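Straight from TrEMBL, the features:
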SIGNAL    1-24  signal peptide
REPEAT    86-119  repeat 'WD'
REPEAT    129-170  repeat 'WD'
DOMAIN    172-243  domain 'FYVE-type'
REPEAT    253-286  repeat 'WD'
Amino acid sequence: FSAHQSRVMMILFVLEMEWVLSTGQDKNFTWHCSESGQRLGGYRTSAGACGLQFDVETRHVFVGDHSGQVTILKLEQESCSLVTTFKGHTGGVTALCWDPIQRVLFSGSSDHSIIMWDIGGRKGTAIELQGHNDKVQSLSYAHHTRQLISCGADGGIVIWNMDVERQETPEWLDSDSCQKCDQPFFWNFKQMWDSKKIGLRQHHCRKCGKAVCGKCSSKRSSIPLMGFEFEVRVCDSCHESITDEERAPTATFHDSKHNIVHVHFDATRGWLLTSGTDKVIKLWDMTPVVS
């Protein structure tokens, strides 16, 4: 198939429709008939795309691109229509994973984060997962146990328990002064002059989203139900309200000892295949942690 003008980034074969879906660095998504080789249609994305998933039941295709945007298209036999676009990452989308049962989409990014998008629930919720120290390279999902497997350039394999009720991270609030002690931030010249105080640097509490100064957010805590498996900045009052039960981890961490670029999970045997930039392919028995 002469499908793209530059490097092909992702390809999917849909057996039910006899379709071959592909994305490329030429900013194009295309699909072909696998029997005739005929080009059925295409769509130009906002940037080069390297995330691609397809839902057979609704014929929706999900395309993630380097701008951080995810595009949802509805495919017909020889035409496609734009359903919606959404963006939650500060870096490019590097991997997508679709759960057709719960109807949620997972997106991994070069900003080190994963976002779970509630597509089927139509609530527009987006749950953030923070468990990597480098860009997320590949995602896989174990439907029978509701566990997400993420691999990254940091060599980490993270197993996320998605069978828990997670919370959305709050939006960061804007303020000219600390919302705890009312000390002015360094750009608030009027309040600095009136109060004769030097302005402080602005931070944000990851639990409540309030704009706070360093003194009022000196504590750190993990908040696993919000996706923060590592300790993050929280204000002092939120730190006191977080219980030990709420700090219980919802993910396990494993070192693959290579920079993973692609994974494939075989749920029938519980095996995970990883390939890395070191030109090594590794086969892992995941049954002790994915079961």
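Glycine residues also receive a Cβ, built from the backbone N, Cα and C atoms like all the rest.
Per DSSP, the domain 'FYVE-type' (172-243) is made up of 19 helix, 20 strand, 33 coil. Over the repeat 'WD' (86-119), the average per-residue pLDDT in this prediction is 93.
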